[in-house]
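Asks: Swiss-Prot lists these features:
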ZN_FING   6-111  zinc finger
BINDING   C8, H10, C83, C86  Zn(2+) 1 binding site
BINDING   C30, C33, C53, H60  Zn(2+) 2 binding site
BINDING   C43, C48, H64, H70  Zn(2+) 3 binding site
MOD_RES   S111  phosphoserine
MOD_RES   S131  phosphoserine
MOD_RES   S133  phosphoserine
REGION    256-414  region 'Disordered'
MOD_RES   S304  phosphoserine
MOD_RES   S367  phosphoserine
MOD_RES   S407  phosphoserine
MOD_RES   S412  phosphoserine
ACT_SITE  H642  active site, proton acceptor
DOMAIN    686-779  domain 'DUSP 1'
DOMAIN    788-891  domain 'DUSP 2'
Amino acid sequence: MGDSRDLCPHLDSIGEVTKEDLLLKSMGTCQSCGVTGPNLWACLQVACPYVGCGESFADHSTIHAQAKKHNLTVNLTTFRLWCYACEKEVFLEQRLAAPLLGSSKFSEQDSPPPSHPLKAVPIAVADEGESESEDDDLKPRGLTGMKNLGNSCYMNAALQALSNCPPLTQFFLECGGLVRTDKKPALCKSYQKLVSEVWHKKRPSYVVPTSLSHGIKLVNPMFRGYAQQDTQEFLRCLMDQLHEELKEPVVATVALTEARDSDSSDTDEKREGDRSPSEDEFLSCDSSSDRGEGDGQGRGGGSSQAETELLIPDEASRAISEKERMKDRKFSWGQQRTNSEQVDEDADVDTTMAALDDQPAEAQPPSPRSSSPCRTPEPDNDAHLCSSSRPCSPVHHHEGHAKLSSSPPRASPVRMAPSYVLKKAQVLSAGSRRRKEQRYRSVISDIFDGSILSLVQCLTCDRVSATVETFQDLSLPIPGKEDLAKLHSAIYQNVPAKPGTCGDSYAAQGWLAFIVEYIRRFVVSCTPSWFWGPVVTLEDCLAAFFAADELKGDNMYSCERCKKLRNGVKYCKVLRLPEILCIHLKRFRHEVMYSFKINSHVSFPLEGLDLRPFLAKECTSQITTYDLLSVICHHGTAGSGHYIAYCQNVINGQWYEFDDQYVTEVHETVVQNAEGYVLFYRKSSEEAVRERQQVVSLAAMREPSLLRFYVSREWLNKFNTFAEPGPITNQTFLCSHGGIPPHKYHYIDDLVVILPQNVWEHLYNRFGGGPAVNHLYVCSICQVEIEALAKRRRIEIDTFIKLNKAFQAEESPGIIYCISMQWFREWEAFVKGKDNEPPGPIDNSRIAQVKGSGHVQLKQGADYGQISEETWTYLNSLYGGGPEIAIRQSVAQPLGPESLHGEQKIEAEARAV
């Protein structure tokens, strides 16, 4: 449908058409037979006012078109166009939108034309209200179903829930130029196309997500076939792949920013507290040497109130965010992924953690994602807090059968919080890796990533180990009656429980199920609450997840200081809140012989979910309340069932049920009574809306300025959708030297927009960050480095091919060297240009085995490759490392006349490098 709009050559015959004219004609009658609407057709030929009836009557519109040779006509009910000559549907939306385009780009009129082909700044002005009112007359966007491809309801429900997360959807709609990848299967492109179809003004009733379904099956074979899968597993796999395809390295620009800001001391004093405590400096006093600025930095600590948020709305004809401004929807700043860190707590120092609060810090950029589904870096020490009793971090590994509806949650007993004191934290360095670890970020990590501080204390020596772990979702246990009683007595004895309903959601599984469900609800409503037990709320599940655990018995803590198993205690708190909080309720249990589903109703708030009780004192997030965006529900048993999603439309604020290709409006009470499985919450902030309106007012002033400022388009998208967008991050289109990386220059217009001086100064004073950019140029330093890197790669790969060719031609080599294939694959990716980072020193430790005599031999079954001595010498001279593992071949001399043929002996020896 999208391709046909450029193929019709008859659009030039259309006269001046406005929507008001079409609406006026729709209230008339057929000029031939006098019949009234609906489904009248208006001729679009220049100076032709004819209105005729359609095929449901005498079809005078077709007769008129054939007689007069007027090819184009428009349906006055649906506003769809038909070309009789092309015999297909065409589109008029570009002509209808023409009056709107001039009002949305004021910078083209008031600023000199740019020398570089950059897009105008997407700032709304006062007269955009008219375009919004015209948009409101159209059908709400986003209400598009998805066809079931065969037990694919788990995918459809997950995609609908993600589609109704405005920060993510707005990125794919407004920042399409940033969706670039050379990684297969290019799932981000398929998702972008799907989102564009779902949110198009001329949306179909449903779409068929074939391309995305095919791509996810290539990524994870578990989703191949037509078996029912877990929607949570699909969400993780999809977002992992989107991150991998869209991730970009974080540019270390501390020195650059300091150099640019050194001449503005007054501004520096105003924003002295702009940098929020990072996890590096929160855990360390001397970790600033290897830190770069990232999205996560920046808080207005210089003022008494929290840092305010601003909005620059995008073009009114496309932006979802303008609708959000009218409805006062609230958003927040999704902070970034960080590595796990270990903290050692000495028993002979202070007995509180107050010292942690006083650590000066600056924000830390996100770290690389793990390739595992949970995407949490594995700690190298005992500070990893995932035990068999209850995971104290958001990491949980699914082990259920692939054909079941969900994966099994681990047993989650809720324990009383023991009384104990924590010691002052001191950092243990994680140990330098041989290869420099590159930090990455993406729109996925910006929106969905939060972090948790997990601590384990030895009750004998009081040593405390801490781990900072990144989470994408929180998998919460559903507490039973006994656990709920302990929680309420120990934690919520002074906090009244929020009211909620006890009824489960209506499961559309036939009349029998409906009747049974109706009777059950009636019985529940007539029975005292003490009979069924207390209402389980989402806050109870959060309290159960964050409750302290005692480590004793079979689950004792291995203390590094005591060198023994000791009784301990562990707990966790949220260190950084995400923009979108994804909550997964553990409704499925898979035991050895059977599986079952927990059908307990969990009451969850539609607005005002407050996470303050679960925050660490060192939490950097200012906004702690969330509003519900969408909820995925599962109807059925552990072995089979059906997924649907309830989502709030961001344009009109109404709730809708998405059941494959069927979309139905529902009341919010239906959502409250739903049996939630996966919930998406979004930060709320009224202050953000007011600040956005202030920026719109500044933009409408149209003050003439001599300087134009370039700002990151991606950061402006955060303005549109985040409550806490953080400091301006122009590093996303700059290199570490302050110029444009050569590989980005050809699409720089997709990365930046132009701001007038008054808007830039306001944003810069409020949010900090930067750096200020008035001129775009290709970085000559990066160009030289790229050329040198290309030359190095070419020399290394040519030399290897030459040496390996000679090795293959050698019939009986006297010595063969072994090299780890893991390291070799990293080197191969580097020389082929797939990875910009060199592999680091050769690491043969994985394929080496130490014998009792101290000699190192080749490990049996090791993943290794064979190279010549010359090749080993060449690679070792470039990268170093080891140990050296050589397989020597020698022919033994015959010991007697019976030994006629000589015996070949293969001796593996290793020489430490």
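Backbone N, Cα and C define each Cβ position, glycine as well.
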Asks: For the recorded Zn(2+) 3 site formed by C43, C48, H64, H70, name the remaining residues of the chain with Cβ within 8 Å of the site's Cβ center, in chain order.
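Replies: Filtered neighbour residues, in order: L44, Q45, Y50, G52, S61, A65, K68, T73.
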Asks: At the level of the C-alpha atoms, what whole-angstrom distance separates C86 (Zn(2+) 1 binding site) and C48 (Zn(2+) 3 binding site)?
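Replies: C86 (Zn(2+) 1 binding site) and C48 (Zn(2+) 3 binding site) have their Cα atoms 20 Å apart.
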Asks: Work out how many Å separate H70 (Zn(2+) 3 binding site) and C8 (Zn(2+) 1 binding site) at their Cα atoms, rounded off.
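Replies: H70 (Zn(2+) 3 binding site) to C8 (Zn(2+) 1 binding site), Cα-Cα distance: 14 Å.
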Asks: Using the Cβ center of C30, C33, C53, H60 as the Zn(2+) 2 site position, which other residues in that chain lie within 8 Å, going by their Cβ?
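Replies: Result: T29, Q31, S32, G34, V35, L40, G52, F57, A58, D59, S61.
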Asks: Of all the binding-site residues given, namely H10, C30, C43, C83, which is spatially nearest to the residue listed as 'active site, proton acceptor' at the Cα level?
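Replies: Result: the closest of the binding-site residues to the residue listed as 'active site, proton acceptor' is C83.
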Asks: For the domain 'DUSP 1' (686-779), would you mind checking the mean pLDDT of the predicted model?
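Replies: The predicted confidence over the domain 'DUSP 1' (686-779), as a mean pLDDT, is 89.
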Asks: Secondary structure at H642 (active site, proton acceptor) (DSSP, helix/strand/coil)?
Replies: strand
Asks: Can you tell me how the residues of the domain 'DUSP 2' (788-891) break down into helix, strand and coil by DSSP?
Replies: 44 helix, 28 strand, 32 coil
Asks: Could you give the Cα-Cα distance between C48 (Zn(2+) 3 binding site) and C30 (Zn(2+) 2 binding site), in whole Å?
Replies: 14
Asks: Using C83 (Zn(2+) 1 binding site) as the reference point, find which of the binding-site residues C30, C43, C53, H60, H64 has the shortest Cα-to-Cα distance to it.
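Replies: Result for C83 (Zn(2+) 1 binding site): the nearest of the binding-site residues is C43.
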Asks: Report the nearest neighbour of H10 (Zn(2+) 1 binding site) in space among the binding-site residues C30, C33, C53, H60, H64, comparing Cα positions.
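Replies: The answer is H64.
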Asks: Measure from the Cβ of C30 (Zn(2+) 2 binding site) and count the other Cβ atoms within 10 Å, all protein chains considered.
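Replies: Counting Cβ neighbours of C30 (Zn(2+) 2 binding site) within 10 Å gives 22.
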Asks: In DSSP terms, helix, strand or coil for H60 (Zn(2+) 2 binding site)?
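Replies: For H60 (Zn(2+) 2 binding site) - judged by DSSP and reduced to three states - the answer is helix.
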Asks: Give the three-state DSSP assignment (helix, strand or coil) for C83 (Zn(2+) 1 binding site).
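Replies: Once the DSSP labels are grouped into three classes, C83 (Zn(2+) 1 binding site) ends up as strand.
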